[in-house]
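The structure appears below as structure tokens.
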Amino acid sequence: MYQPDFPTVPFRLGLYPVVDSVAWIERLLEAGVRTIQLRIKDKRDEEVEADVIAAIALGRRYDARLFINDYWRLAIKHRAYGVHLGQEDLETTDLKAIQAAGLRLGVSTHDDMEIDIALAAKPSYIALGHVFPTQTKQMPSAPQGLAQLARHIDRLADYPTVAIGGISVERAPAVLATGVGSIAVVSAITQAADWRAATAQLLDIAGVGDE
């Protein structure tokens, strides 16, 4: 049963781009995206704080669900909509501080054991990946594929879920057919020959999410 320790999110978050700059946040919110994540890696808090502030301000301007990847202290300080954490971050993050601040929490998973760990944290949503091979980041695990994704969805039937990893415009309908609530994309937009067209196509397929 979906009873998170953090504020709830809609079962369907819709198209969920994951991007590494405020410029991309602004472009995609202008294009109609309403769930988005700022993921800047391997920098100190003071190096990314200005970007976090700007991204959160944009999220508010567009009434969007803006998640900050990893930099949970800054997300709390500047009152982001939510935080997204990888498995490796769960043990070193003060989850109670995120909870007390009223921020939503998303957690990445790659297999059944990591789903167990995520469920124990009772986050707002669970991300399932990587579905297909991806060049966006080095992955220690093998792609899960659609059958494995569908099995996880059956297990998490009433939980908001997000599929991520190698999802393209062409693959998106089959991914959503598993019953997953949302799809996260990276290169399908940021490396597209025409990012506006790719975004519009993905919005047609996945929508903007439930209210």
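Residue positions begin at 1 at the first shown residue.
Each residue, glycine too, has its Cβ placed from N, Cα and C.
Remember, predicted model here, so these are calculated numbers, not experimental data.
Ser108 (4-amino-2-methyl-5-(diphosphooxymethyl)pyrimidine binding site) falls within a strand segment according to DSSP. Feature annotation from Swiss-Prot assigns 4-amino-2-methyl-5-(diphosphooxymethyl)pyrimidine binding site to Gln37, Leu38, Arg39, Ile40, Lys41, Asn69, Ser108, Lys137; the stated evidence is sequence analysis.
Annotation source Swiss-Prot lists Mg(2+) binding site at Asp70, Asp89. Counting every protein chain shown, the number of other Cβ atoms lying within 10 Å of the Cβ of Asp70 (Mg(2+) binding site) is 22.
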